[in-house]
């Protein structure tokens, strides 16, 4: 009887130690997590896309404009969102240059009212984030810039489980998620 | 190898070998429990040192006394943040800094702000908190606005150092800043005051 | 929530941050950078994404500080050859109508 209790506690202690090691690894180094939603199309698929989140970059460490990040939603900190940084602290950026107003009826012309005239300065310690699908993303344009303390990691790569196991030389649509802040010719 | 060098010959004896193996095993055992300790510190409880004077007189009551150390409770705290809790959270203006303030308003409340907040009142959005230091001179929500609950690291439940400050009640402090309890224009002010 | 941030017009930021001087002075290494995002609409069971480019002036000032200013205008994305704007606007109008129907259905 005492032996079985001993074995039980031994196994339990292995499970606890093993589980905690995995958890510490995931929160300190890299986490593999699922994303859902259309706000990051076409960079990330709307379902069954799993991202590698590098925890070195949590709390904004070494982050640059153009990086994709995983952050807590300010109004619902139980939920995580994947967005791209389009403004670092101190940057002067437009709130929403993609905002279009258009006429109904026959004259379907695209009018930009003052989308190109509304600037803000991103406050210290905050970043402005937008989803890559500007037409379908709830981001800083609605809830203002987010504090860097809510940033939990940078997205460095993704696996798309909608793709077959092997296609074009990659497993499950593996690709690196790049920073697209580049020089303009 | 140890057998060739005469001076080191003593290290090849069974006594030494066993001692090294024994110590090595114990060290590995301790290391294997390290992640568990880390998880405990991250998610259950930790100890925090309070620096600065923004929570005077509740904490660090004078510049000559020793700085307070508090028990920082982290387990299940995100859903249980209440008015007058003393919380530790990441500063919105500097994510590497941790601040200690008291919750003076929760989501839905309207707060009467102090200088230097640019507006007279502030409505607290969903899952945000208004955090103020007990001391008038403090950098708090009056400087950076309401903070998201996601920035909260834990709740300071009791002072554990210095020993003469054990048992100090830190559950009350700071000013009343919620509009509904300050102004006298509301009919049901009697009802509200009895809480 | 971020601290209350004022919305400024282009003239106001040009004046407040002395941008005319900053952008023209050769001492500041100003490079033109771009960031391309997308506007996607759901069309016949597939997503159709049109690129939306944003342009920034990235300057390193003489005192070592970095200032990034967005310079996107209506001309930045005017190249119509790749975009079927009319179809995109139709889909947007449809989505708006569907959204409103859902809202009205939910509130009634």
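Using N, Cα and C of the backbone, Cβ positions are placed for all residues, glycine too.
For A:20-155, the entry in TrEMBL reads domain 'Peptidase S26'. Per-class residue totals from DSSP over the domain 'Peptidase S26' (A:20-155), listed helix then strand then coil: 25 helix, 53 strand, 58 coil.
Marked as active site by TrEMBL: A:39 (among others). Sequence-distant contacts of residue A:39 (active site), defined by Cβ-Cβ distance under 8 angstroms and a gap of at least six in the same chain, are A:81, A:82, A:83, A:131, A:132, A:133, A:136, A:137, A:138, A:139.
Summarising the annotation, TrEMBL assigns active site to A:83 (among others). There are 26 other Cβ atoms within 10 Å of the Cβ belonging to residue A:83 (active site).
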Local confidence of the domain 'Peptidase S26' (A:20-155) - pLDDT mean: 87
